[in-house]
Each structure stands twice: as C-alpha cells, then as structure tokens.
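Notes for the one structure printed next.
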Amino acid sequence: MKHLNTVMAESPALITIFLLGYLLSTECAVFLDRENATKILTRPKRYNSGKLEEFVRGNLERECIEERCSFEEAREVFENTEKTTEFWKQYVDGDQCESNPCLNGGICKDDISSYECWCQVGFEGRNCELDATCNIKNGRCKQFCKNSPDNKVICSCTEGYQLAEDQKSCEPTVPFPCGRASISYSSKKITRAETVFSNMDYENSTEAVFIQDDITDGAILNNVTESSESLNDFTRVVGGENAKPGQIPWQVILNGEIEAFCGGAIINEKWIVTAAHCLKPGDKIEVVAGEYNIDKKEDTEQRRNVIRTIPHHQYNATINKYSHDIALLELDKPLILNSYVTPICVANREYTNIFLKFGSGYVSGWGKVFNKGRQASILQYLRVPLVDRATCLRSTTFTIYNNMFCAGYREGGKDSCEGDSGGPHVTEVEGTSFLTGIISWGEECAMKGKYGIYTKVSRYVNWIKEKTKLT
C-alpha cells in the first residue's frame, strides 16, 4: 500500500489516464447516439442560432412568420420587388380579394386596405359593375359612339371636329365649328348640356326613339281643312328670354317683299333649313344671317337671296300642310362664317333621335311674344321639354304623325308662336348644339294643355345631307 501511494503521488498522469478510461467505459449507459436521440425529441432549430442573420440567405419562415418582418426583410426572401409587393399586400391586412368583389369576369388585385378590379372589355366601375359600351353614358364619348366587333368603344366627332388626346372629347379643327357660339357670356347657359350624357342610360333606348314614320302621300291631317284657321304657324317664342348677340349664330330670318315671315337655321355656307309651309311658289325670299335686333342695323348682318327652294319630296301642301314640313333654301352666294354666323350641327339619324330623347331642347326666333301680340324685335329663345307621345296625342284632336313631336309646357305661358315657323329646335350636347326639330305648327300659342308641334329632323337627316352635300 505504501508503495501504491508512493506511485500515485509521484505519477499524477497515471491517475488522469485511469479516470478517463473509466468515464469512457460508462458513456454508452448515459448518452444516446445522434440518430437515436433525434427519434425521442425534436426541436425546431432557431435559424439565428450561432450565426449572424446578416450573413444568412433570407428565409420567409424566419423573417416573417416566427417574427414580424419589414418590407425590406421580405424583399430579401423574394429577391423581386413585384413578388414582394404582392406578398406584402396580403401580409399587412389580409386578402381583400377573398370575397371575390369583381363582377362580370373582372380580376381582383389585392392592395393594402383596398383592392383593384381589372375589368373585362366592355365593363368598368370599381367592381366592373358598369356597362362601358355605348349603351351607358354614351361610352363617355362627348359626341358619337359605336361599339367595335370586340365590344370596345370607338368615339367620333361631327364635321369640323376631331378627337382630342383622351379619345373621348372633340376639339374644333376649323375657326367656326358648327353648333358652337364663339362669343361667351357670364350669364346662365341655355340648357344643362353638361349633364346630358351622365344622366342618360341608352340601353334599348334606340328602340323607343326610332319610329315608323312612313306616311303615304294621301295621309291627311285630321280636320285640317275644316279647322286650319285654328292652327297657327309657329313663328313666335312666347315666354322666352332675350338672347345675346352671337348666342344663337345659326339662326336666320326670312324676309319677304314686305316683311319677315319665318325663321330658319344655317346648315352650311350655302344652305338654310326651314319649314316647307313657309314657302309659297314665286315668292322672293331674302335670308338674313347674323341678325339680332331687327329694328336696328348692327353691322353683323349678312343678306343673301334664295336662288332655289327644295321642299321635301313627300311634302304636299294641298293634301297636308304640316306633314313632312321641312325645306332647304340655296343661297346665291356663300355666307362668311364668323362669331355671328355659324352653322348648326346635323348628326346622323340614330344620334339625332338620341339627342331629341334627352328631353331638353330650345327654340328661337323673332315671332310673337304673346298670343295674337306683337312680333319680337330682339331674338328670343326658350327651353322646351319634350312631351311624351301619349300625352301629346291626348292634348289635341288633330293627328300627330310619327314625323312630328310635341314639346312645351302643359301649364301654358311658354311656347313658340306665329312668326317662329321654320326656326330650329336644338339640343345642346356637351357644349355643342345639334338640330333636332323644325318649328312647325300649334293650336294658338302657349295655351294651357296645348303643345308646340315640331318636324322630327331625324326622319330627314339623310335627305338634308344629300341635298346640301354634307358628309
């Protein structure tokens, strides 16, 4: 024993070796190997364990699920801004497209606290709920609209205009385009033109507007031969307002050898449109354009002689004085267009019907300012609402054919009147005025329960353009 103690005291290295050997011999009883240990206990490894995150490639679970991440951290994972943005929109506040809010086949794109619908062709609106064809709001076109074969809106403009950069608006290409007064006044507008398209729904409207207006030459206006004295040629504006100089530059007055007798409207530099019943064979007619106050010379007037009159080929005064009541006058020399002499616009048949259905046109002239009263000196104008056909038919014992329409006020007091015949009924559309009617006839003037009767211009648009060479 003494010898052993001496050896251990003198040989500490031997003791160390002995202890290590003992421990190694007992390890298998305490620890399992790596493979068996993982079968008993699994624990997710923390990705930031042992290494700096700045030096580890981005991982979506580490960056944005275990912890709240920033956009930049998410960008490290996707390494693409577009993909990161798509993820971020849902990550921040959930998927706004989950309820599928887009209608009519629209594709929903999620955004932060909102969403965006990518609409199919022909639809628009926040949820693609609106028909974007010409049926609704005229396809947002300011004048004419048509649908292409693939249901896209194609806007166009009348003569003297072209499409603006937005492909919706129309801008003039000539100094004095049709239907525009170039002199502006601070007073109120004649009509509420700015609301025309926004308030109209054209779906199936053309069926309601288009009419069967073929009338045989033998058709007779009921009782017209017996009661013609009760019909007054429309030559006045009762209850209207004084126009401003240049406010209605397409208006003309027709002078006979003795006095003025009818009105008319400028179609172009060489042609005037008026009522056929104003014309009498052999009469000499002088047209005065740029007129304002017929009792004064204002140096804006242009006087032209009529060298040819063309009543509509179906007009026959001996059979019916007011059916097809429209005529064209050819001037001896062209008018000089300026701020006081400007033509009215003439649309195609379809759009002339549509514009008429807007329901708010206006008439103008120097006719009598009250029933059986004096003739106006200053050009008058009056807004006249369109009257539905059923009401119009009930208001009179005379036949109202489909080439006519009624406009005016049931309460009376406002109307076109004797002396206004042949003048224009105009509808203003987004700041441009279009011819929609011709003042024709009525029972007395501004009587309660009676309306003014107008020639429906849409029936004669093709004829007007053919004869006056408008394209």
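Placed from the backbone N, Cα and C atoms, the Cβ positions cover glycine too.
Between Cys155 and the candidates Cys141, Cys170, Swiss-Prot records the disulphide pairing with Cys141. Per Swiss-Prot, the cysteine from Cys108, Cys117 that shares a disulfide bond with Cys97 is Cys108. Within the list Asn36, Asn204, the entry that Swiss-Prot describes as N-linked glycosylation site is Asn204. Its Cβ taken as reference, Cys157 (disulfide bond) is surrounded by 21 other Cβ atoms within 10 Å in the chains shown. Using Cys108 (disulfide bond) as the reference Cα, a 10 A cut-off selects Cys102, Cys117, Cys119 from the recorded positions Glu73, Cys102, Cys117, Cys119, Cys155. In terms of Cα distance, none of the recorded positions chosen from Glu82, Cys262, Cys392 sits within 10 Å of Glu73 (Ca(2+) 3 binding site). Among the recorded positions listed (Cys69, Glu72, Glu76, Glu86, Cys134), Glu86 has its Cα nearest to the Cα of Ser114 (phosphoserine).
In this structure the alpha carbons, written CA, of Cys145 (disulfide bond) and Glu72 (4-carboxyglutamate) are 48 Å apart.
Cβ neighbour count for Cys141 (disulfide bond): 22 (other Cβ atoms within 10 Å of its Cβ, all protein chains included).
When the Cα of Cys97 (disulfide bond) is compared against those of the binding-site residues Glu76, Glu82, Glu86, the shortest separation belongs to Glu86.
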